[in-house]
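Undergrad: One structure is given below, represented as structure tokens, and several questions about it will come after.
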Amino acid sequence: MSSSPDIAGILENTKELDRLRKEQEEVLVEINKMHKKLQATPEIVEKPGDTSLSKLKNLYIQAKELSESEVTVSNILLTQLDSLLPSGPTGQQRRKLVAEGNDQKRKRMKVDTDVTRVSPSMRNQIEAYASLRGEQVAARVTADDADKDEWFVVKVIHFDRETKEVEVLDEEPGDDEEGGGQRTYKLSMSCILPFPKRNDPSSTQEFLPGKHVLAVYPGTTALYKATVISTPRKRKSDEYLLEFDDDEEDGALPQRTVPFHKVLSSSFLSSSSSSATELLLLRLADSDFGTRAGYRVRMRPILMKGHERPLTFLRYNRDGDLLFSCAKDHTPTVWFAHNGQRLGTYRGHNGAVWSCDVSRDSSRLITGSADQSVKLWDVKTGKELFKFKFGSPARSVDFSVGDKLAVITTDPFMERTSAIHVKRISEDPEDQDGESVLTLQIPDGRKRINRAVWGPLNQTIVSGGEDAVIRIWDAETGKLIKESNEEDGHKKTITSLCKSADDSHFITGSLDKTAKLWDMRTLTLIKTYTTGVPVNAVAMSPILDHVVLGGGQDASAVTTTDHRAGKFEAKFYDKILQEEIGGVKGHFGPINALAFNPDGRSFSSGGEDGYVRLHHFDADYFNIKI
């Protein structure tokens, strides 16, 4: 005779589960307080004796332990409940027995099953879902290779009472969907969440400040996790004030207002594929990599918020311990590359800063800006050492090997045409002058040159821009040596250019939705990588045959497009096989900048959303087999 667990034991475990969840909520509130404190005053961590970071770490540890305890207690409860359930044939065995009967018996059993198994509450639920026809609902539509649920706004077009499936219409699919038009799905009832009735606010559940919810991001048909900042009642309106999560890391988007009828409870997410720890530590959830190749590498990104405007460029120093970022907010910033802590800023530009480079010994920084100047800075002190003045915006900057020269591109402006300038960099700032050693002009001077870099041994200069032509110039005479042809070259604007670690080859990204790998000396096309979106940024691993592409769409189209259509994902490709091997999502806007750490063990991305995301690879990443 088998023994059943004591009901009192089950009740005791449910109480323990409630206690753990209450403690988790308390810890999350404290974590959110620390997040807001650090976002408001990030400089506080630099003060002697400050313990903010250690307190935050302890809170994370406490949250993780509570979550693991919850999983343990939940598993115990499941075991206890399973042993109380009546034994008998499994569902599969029962179906087999039915199949072995005659047709009349099958029909009778089917009728009996329909009558006896549908409880009154289930019948009410079926009627409720049947009444949703023609209404908009939230639907969980998750790709086969996705590790996280994706929720979209769809319209119900049919409910099948027998299969209990809801047929829905996605009226605004992303541009990654085949066909590009409207698309239908058949989903189980558990994948559908009705929205509150917009004409009856009093009958809907109110979510208190600090509560995690799922809400429609303004201007899109996609739902994201968010935290309630203020309720409609407090705001005396029909809208919540929410702080959207990026669903992967510590940090948040600017606060947004969302109508109450577009906000749902997130409590149902506990039954999804994510672990309890990932759900609890929502802002620390892992990024996914490698799903296309049938494996999964877990990466924990660090979200760095220091810019108020979209990112434009990222650059590591030679040692890989510092990361420099440029943005449209006029202020280049330097970060510690291992933990994402902001080290300092360089103040002095009066326009967007488009690019930067750092000297080999990490003593000097050069930046190019829309304020028609290029500045030299002391990396350590942030002091401006020299200012190169131009009559048009400066776009691209690049130090030569040895740091004695710099190549700079300027945009067409008024009567001025685009140009490439070579400046001599003096060892002593007191001896620095603004004279150009060499100035180069492209055939169509009204087309912008987006990038120019030094070739091997400083003998050549490689450039690319709006005319979609790559050119190799003699760095001493200024003579044009080679240029890409129409057959092999890009069809639209070249947005980015990145050299390999040994200067033997380079990769270009273009708005024509491709990236191309070229031989640095011969300009021979080696490989082409095709993606479904315009490419804004490219980077190459210094240690593996991997290239990473970022983009999504032109910045001017961001506000008019569904966030799903933007494909804001850094995509990894095998350099040799040209196959896509993985992707890292997270940005809420197009990716404008990418950079690999020189040690190859991490990479960073900068987006139109104003965030820098720092990703450290796990050990499994280096054992990928294609």
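Just so it is clear, glycine is given a Cβ too, placed from its N, Cα and C backbone atoms.
What you see is a predicted model, and the numbers here were worked out from it, not measured in a lab.
TrEMBL lists these features:
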| type | residues | note |
| --- | --- | --- |
| REGION | 88-108 | region 'Disordered' |
| DOMAIN | 127-272 | domain 'SGF29 C-terminal' |
| REPEAT | 304-345 | repeat 'WD' |
| REPEAT | 346-387 | repeat 'WD' |
| REPEAT | 442-483 | repeat 'WD' |
| REPEAT | 487-528 | repeat 'WD' |
| REPEAT | 584-614 | repeat 'WD' |
Undergrad: By a Cβ-Cβ criterion of under 8 Å, what residues six or more beyond either terminus of the repeat 'WD' (346-387) are in contact with it?
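TA: Hits for the repeat 'WD' (346-387): 309, 312-313, 315, 317-319, 322, 324, 326-334, 393-399, 401-403, 406, 408-410, 413, 423, 425, 429, 432, 434, 451.
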Undergrad: Under 8 angstroms for C-beta pairs, at least 3 of them, ignoring pairs fewer than 6 apart in sequence. Is the repeat 'WD' (584-614) in contact with the repeat 'WD' (442-483) by that rule?
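TA: Contact absent: fewer than 3 Cβ pairs fall under 8 Å.
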Undergrad: Where DSSP helix means H, G or I and strand means E or B, what are the helix, strand and coil counts for the repeat 'WD' (584-614)?
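TA: Tallying H, G and I as helix, E and B as strand, the rest coil: 0 helix, 18 strand, 13 coil.
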Undergrad: Count the residues of the repeat 'WD' (304-345) that DSSP assigns to helix (H, G, I), to strand (E, B) and to coil, and report the three numbers in that order.
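TA: Helix, strand, coil within the repeat 'WD' (304-345): 0 helix, 22 strand, 20 coil.
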Undergrad: Pop the mean pLDDT for the repeat 'WD' (304-345) in here, whole number is fine.
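TA: In the predicted model, the repeat 'WD' (304-345) has a mean pLDDT of 95.
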